[in-house]
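Each remark here refers to the structure printed beneath this line.
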Amino acid sequence: MAGGVVVNNGGGKDYPGKLTMFVLFACIVAATGGLIFGYDIGISGGVTSMNPFLMKFFPSVYRKEQTAEKNQSNQYCKFDSPLLTMFTSSLYLAALVASFFASTVTRVAGRKWSMFGGGVTFLVGAALNGAAKNVLMLILGRVLLGVGVGFANQSVPLYLSEMAPARLRGMLNIGFQLMITIGILCANLINYGTAKIKGGWGWRVSLALAAVPAAIIAVGALFLPDTPNSLIDRGHTDAAKRMLRRVRGTDDVEEEYNDLVAASEESKLVAHPWRNILQRRYRPQLTMAIAIPLFQQLTGINVIMFYAPVLFKTLGFADDASLMSAVITGLVNVFATFVSIVTVDRLGRRKLFLQGGTQMLACQIVVGSLIGAKFGFSGVADIPKAYAAFVVLFICAYVAGFAWSWGPLGWLVPSEIFPLEIRSAGQSINVSVNMLFTFIIAQAFLPMLCRFKFILFFFFGAWVVIMTLFVAFFLPETKNVPIEEMVLVWKAHWYWGRFIRDEDVHVGADVEMPAAGDGKVDPAKLAN
């Protein structure tokens, strides 16, 4: 796009600049904030499948498990324990609350200090968990881990979206999801190894090693530069221009700088971002900040990732086999995320959402049918190895579909759609909804598995149908659009355009506003 003029298609300017090594390394370091979230997701399911851990903290669950295996009783219900699920889900409740405080820190002090705070708090929580003597100490450690996750998930996606050039924003932002998947895989590998430690204290190693990813992001944050957007917003205009030149690798940054300043000046007119985000003109962004993280959790992915070892154990796998199956799904998760990194800025967000949703739905139907055919409603069966391997195959295909669609895009899209004046508040809502429904599903999964049996997979499959249709009708394409001009995408959308008045659109002087009531965004023009 020469000159940056886009007429009636929801696009924006193609600012001068390139992907510099400075930006690449800054984004890699910032993305390591995803390690703490991923490590926790992977580690909690592993330790709750270790008998020494259950014997020490949840003896009733251990006795129920042993009885179920001895008597071949209902496999669906042997891990159903409110206290056990509270151990897992307390982190996400703490993250929900922490994200509201993180919003203020991110806006006032900058994105990097929010990451630093998250890393330090997670570090303390890891130490408490590794040294836990009782359930109270265990859950207190989980709460501190949750505070760390809340701060990191609030600040990292914003940082990545603000630092990245528009045409590569998807690729760099998905680095966060890639680190989450690497954290999950590392946790699965560690659980597999520590479960073999004689003496029954391997679970302590698993929990304490959360200190490693915490230290990586805490130390790394100290060396990160602030984003130009954050510097301008906090009044450091000269430093912001210098930083913008450095991150874009060119001195020709006046156009982008002026747009950032204009966005900042408008944001300063908003005294109460939490109140303003409820205004009609922000209805599209607010809807997405709620719907996308809600749907992301209702895919059922955290059922697999939290409880993969428990789930496979429930399916009749032995202890080692269940942990190894979790390692396999972790590997699939990592490699499939690379597919999204390579394709998200070429194919766009919508195509990946739609393809991934279709694939997940098919896999959930197959897995539910396979489990139902063997266990039925009684929950009593012996699964042959070949049959179990077939179940794992389709679970892996499901994980792959999530890993290149709802996994990374669930963080990418909300982080890139908000105008500066409500960006921190919007991201806080995104994180809070994500954590709230992660908490609810983590708390409810084991009781639901006990009561719904194999129907649980069809339950999540129905939600995948709903969310895929939602994306098809209501999510416009946002690839290649500068973050400060995203309002043009909403203005051009067939439905959301009615909520945005012409006078609500404030962009650079050389960008022509889309006509009110215009149709769908033209992806071909956006890609130019």
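Any Cβ shown, glycine's included, is placed from N, Cα and C.
As annotated by TrEMBL, transmembrane segment applies to 19-39 (among others).
The domain 'Major facilitator superfamily (MFS) profile' annotation in TrEMBL covers 26-479.
Nonlocal intrachain contacts for the transmembrane segment (83-101), taken as residues 6+ away from its ends with a CB within less than 8 angstroms of a stretch CB, comprise 40, 44-45, 48, 57-58, 61, 135, 138-139, 142-151, 153-154, 306, 428, 431-432, 435-436, 438-440, 442-447. Feature annotation from TrEMBL assigns transmembrane segment to 83-101 (among others).
Annotation comment: TrEMBL describes 138-160 (among others) as transmembrane segment.
According to TrEMBL, the feature transmembrane segment maps to 172-190 (among others).
Sequence-remote contacts of a segment are chain residues at least 6 beyond its ends whose Cβ falls under 8 Å from one of its Cβ atoms, and for the transmembrane segment (202-224) they are 26, 29-30, 32-33, 35-36, 38-40, 43, 46-47, 50, 52-53, 112-113, 115-116, 118-120, 122-123, 125-127, 129-132, 141, 145, 148, 152, 159, 183, 187, 190-191, 193-196. The transmembrane segment annotation in TrEMBL covers 202-224 (among others).
Per TrEMBL, transmembrane segment is recorded for 286-310 (among others).
Tertiary neighbourhood of the transmembrane segment (322-344): same-chain residues 42, 45-46, 49, 170-171, 174-175, 177-178, 181-182, 184-185, 187-189, 191-192, 195, 304-305, 308-313, 352, 392, 395-396, 399-405, 407-409, 412, 479, selected by CB-CB distance under 8 Å and a gap of 6+ residues from either end. Annotation source TrEMBL lists transmembrane segment at 322-344 (among others).
Sequence annotations record features per position, and here TrEMBL assigns transmembrane segment to 386-407 (among others).
Distant neighbours of the transmembrane segment (427-447): 79-82, 84-86, 88-89, 92-93, 95-96, 99-100, 102-103, 106, 146, 149-150, 153-154, 157-158, 277, 286, 289-290, 292-294, 296-298, 300, 302-303, 306-307, 310, 410, 414-415, 418, 456; these residues of the same chain sit at least 6 beyond its ends, with a Cβ under 8 Å from one of its Cβ atoms. TrEMBL lists 427-447 (among others) with the feature transmembrane segment.
The transmembrane segment annotation in TrEMBL covers 454-475 (among others). Using a Cβ-Cβ cut-off under 8 Å and counting only residues 6 or more beyond its ends in the same chain, the transmembrane segment (454-475) has close neighbours at 287-288, 291, 295, 298-300, 303, 349-350, 353-354, 357-358, 360-361, 364-365, 367-369, 371-372, 375-376, 406, 413, 445, 448, 495-496.
Of the recorded ranges 19-39, 172-190, 386-407, the transmembrane segment (138-160) has the largest number of C-beta contacts under 8 angstroms with 19-39.
Sequence-remote contacts of a segment are chain residues at least 6 beyond its ends whose Cβ falls under 8 Å from one of its Cβ atoms, and for the transmembrane segment (386-407) they are 177, 180-181, 295-296, 299, 301, 304, 312, 315-317, 325, 328-329, 332-334, 336-337, 339-340, 343, 352-353, 355-360, 363-364, 366-367, 370-371, 374, 467. For the transmembrane segment (172-190), the residues of the chain that approach it from at least six positions outside its boundaries are 23-24, 27-28, 30-43, 46, 156-157, 160-161, 163-164, 205-206, 209, 213, 305, 308, 323, 326-327, 329-331, 333-334, 337-338, 340-341, 344, 403, 407-408, 411-412, 415-416, judged by C-beta separation under 8 angstroms.
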